[in-house]
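Student: Below are the structure tokens for one structure; questions will follow.
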Amino acid sequence: MTAPLFDLLVTTGPAELPCQVADPEIFFAESPQVIEQAKLVCADCPIRVQCLEAALERKEPHGVWGGELFVNGIVVARKRPRGRPRKHPLPDERPTQAPAATQAPAACREEAA
């Protein structure tokens with residue numbers, strides 16, 4: 001732990017830090033939704049910036065530190081879910097109407113009829 005971060009922990013007190021009252025598992029979760037919850041826990045933390053700087057200095061391999069997600073030692077915007085994305089959307093995700101670009105203008109439809 002870096003000295004400035006340690007000093008902040010001593011002066012702030014662990015009870016005042018959101019990460020000390022939250023379930024520690026959320027900071028290392030697999031689920032993208034849980035990872036986003038962990039980031040929200042960090043959002044109002046008084047030492048968020050120092051925590052992030054210390055994690056970068058320590059080259060943390062994974063987890064949420066200072067409100068940012070580390071994957072393989074790199075800060076990433078969001079965690080992708082496991083597996084490949086779907087090639088085709090599920091039936092309830094399909095648009096109910098064809099996009100406007102694929103519909104022929106009314107004048108063209110009348111000529112074809």
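Glycine is no exception: its Cβ is also placed from the backbone N, Cα and C atoms.
All annotation found in TrEMBL is predicted automatically rather than curated by experts.
Just lifted these from TrEMBL, have a look:
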type     : residues                   : note
DOMAIN   : 18-75                      : domain '4Fe-4S Wbl-type'
BINDING  : Cys19, Cys42, Cys45, Cys51 : [4Fe-4S] cluster binding site
REGION   : 80-113                     : region 'Disordered'
COMPBIAS : 96-107                     : compositional bias 'Low complexity'
Student: Would you mind giving the whole-number mean pLDDT across the domain '4Fe-4S Wbl-type' (18-75)?
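Tutor: That region's mean pLDDT is 93.
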Student: Around Cys45 ([4Fe-4S] cluster binding site), which residues of its chain at least 6 apart sit with Cβ under 8 Å of its Cβ?
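Tutor: Residues satisfying the criterion: Leu17, Pro18, Cys19, Cys51, Gly66, Gly67.
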Student: Measuring CB to CB from Cys42 ([4Fe-4S] cluster binding site), give everything in the same chain under 8 Å that is also at least six residues away in sequence.
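Tutor: Those within reach of Cys42 ([4Fe-4S] cluster binding site), by Cβ under 8 Å and sequence separation of 6 or more, are Pro18, Cys19, Arg48, Cys51, Val64, Gly66, Gly67.
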Student: Suppose we draw a 10 Å sphere around the Cβ of Cys19 ([4Fe-4S] cluster binding site). How many other Cβ atoms does it contain, all chains included?
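Tutor: Neighbour count, Cβ to Cβ under the 10 Å cut-off: 20.
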Student: Relative to the Cβ position of Cys51 ([4Fe-4S] cluster binding site), how many further Cβ atoms are located within 10 Å?
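Tutor: For Cys51 ([4Fe-4S] cluster binding site), the 10 Å Cβ neighbour count is 22.
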